[in-house]
Amino acid sequence: MGKNVVVLGTQWGDEGKGKIVDLLTEQAAAVVRYQGGHNAGHTLVIDGEKTVLHLIPSGILREGVQCLIGNGVVLAPDALLREITKLEEKGVPVRERLRISPSCPLILSYHVALDQAREKARGEAKIGTTGRGIGPAYEDKVARRGLRVGDLFHRERFAAKLGELLDYHNFVLQHYYKEPAIDFQKTLDEAMEYAELLKPMMADVAATLHDLRKHGKDIMFEGAQGSLLDIDHGTYPYVTSSNTTAGGTATGSGFGPLYLDYVLGITKAYTTRVGSGPFPTELFDDVGAYLAKRGHEFGATTGRARRCGWFDAVILRRAIEINSISGLCLTKLDVLDGLDVVRLCVGYKNADGDVLEAPTDADSYIGLQPVYEEMPGWSESTVGAKTLEELPANARAYIKRVEELVGAPIDIISTGPDRNETIILRHPFA
């Protein structure tokens, strides 16, 4: 029997999922994206060469691994085709191994225009979206008016739906946001060009997955963003527009939850966040700058500097509960090298002095202060360590304390960006 493993982020994204998915796909027959869009940025470093993927599953760099984009992903055809071209220039036969669900909602030019117009109108109160049309595309899906990938192959039907959509969205763009209208004919012509290129890659992803399952193949489900950005469970409204938690695996792929064997939660040894929203352990001092510099904390999708702070056990405990995490992968441990003291947030204190767990909305974070434990740091390098015994004693103590605070085992430790710089204590596919 094969094993089916979910890999997802437990913080606010950027936890290092891409590297771990790439590492574990050595055993997988297929890798599946099940939510999000090209707002994700998964960075892989193989033999020193960096590749950033936004839509295509990270298993694409492993020869023979099938890559699937499930119905829960909002798909921007132009972004996907650019990504395919870049990989093909490196000799990766993407079109042979990539299959896309015809049920994926499309992201088209009017979604991008709406996304950017809204952020501009919000001014200082902006959410911090990537401006790539993700939210508006999910809105159209939920409103049951959205165009899907499968619609591309029926020109008349597509044109009729597009006309109705542009009547609606152009009214909002022109009369509410005072922005230019999107041209119908240009949008239609571009979409029909995409159709010819995408058609050979269409497949019933759910049926493909169940066929693999029946043949005893190992399957990996690759999450995007992080659990605290989940539309339902995140720091609302500073969240993304999809379910980034483990429940999204089933709805975004057609693969029922009882078939999932292991959920791997990826967490940094510290905490980062891109864009607006609450961040109790955020640092504005030299330590924050140190983490940002050593961790190269700039978004793979937007290039924006990430906010940095101490490890937060409170949000991780919440993520472990809502995802039924089987085990954790601790990434970027090496970024903490050289610090005299490391801190871990163990709770939040309100104005009355009460220690609380993680709130469920952004406003409830106002006025909360982190409660810290301090531990001695380490001066020795952890970069490239392959065994637990190679790590400094204080680094091992830090790892043990994280496990105690969050109530879940750390099964994998990442000690550098390359797939080889990893300590595997328990393999998810074992």
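Each Cβ is built from the backbone N, Cα and C atoms, and glycine gets one as well.
The Cβ of Gly41 (Mg(2+) binding site) has 20 neighbouring Cβ atoms from other residues within 10 Å, across all protein chains displayed. According to Swiss-Prot, the GTP binding site annotation covers 13-19, 41-43, Arg306, 332-334, 414-416.
Cβ-based neighbour count (10 Å, all protein chains) for Asp14 (active site, proton acceptor) stands at 29. Asp14 (active site, proton acceptor) carries neither a helix nor a strand DSSP state and counts as coil. Swiss-Prot lists Asp14 with the feature active site, proton acceptor.
The annotation Mg(2+) binding site is assigned in Swiss-Prot to Asp14, Gly41.
Using a 10 Å radius centred on the Cβ of Asn39 (IMP binding site) and all shown protein chains, the other Cβ atoms total 29. Feature annotation from Swiss-Prot assigns IMP binding site to Asp14, Glu15, Gly16, Lys17, Asn39, Ala40, Gly41, His42, Thr130, Arg144, Gln225, Thr240, Arg304.
The active site, proton donor annotation in Swiss-Prot covers His42, and the record cites sequence analysis as its basis.
Within 10 Å of the C-beta atom of Arg304 (IMP binding site) sit 13 other C-beta atoms, taking all shown protein chains into account. Summarising the annotation, Swiss-Prot assigns substrate binding site to Ala300, Thr301, Thr302, Gly303, Arg304, Ala305, Arg306 and lists sequence analysis as the type of evidence.
According to DSSP, Lys19 (GTP binding site) is assigned to a helical segment. Residue with the densest Cβ environment among the binding-site residues Lys19, Arg306: Lys19, by other Cβ atoms within 10 Å. Using a 10 Å Cα-Cα cut-off around Gly41 (Mg(2+) binding site), the recorded positions Asp14, Lys19, Gln225, Arg304, Arg306, Thr415 reduce to Asp14, Gln225. Cβ packing within 10 Å was compared across the binding-site residues Thr43, Thr415, and the lowest neighbour count falls to Thr43.
Of all residue pairs in the IMP-binding list (Asp14, Glu15, Gly16, Lys17, Asn39, Ala40, Gly41, His42, Thr130, Arg144, Gln225, Thr240, Arg304), the one with the greatest Cα separation is 34 Å apart.
Using a 10 Å Cα-Cα cut-off around Arg306 (substrate binding site), the binding-site residues Lys19, Asn39, Thr43, Thr130, Gln225, Thr415 reduce to an empty set.
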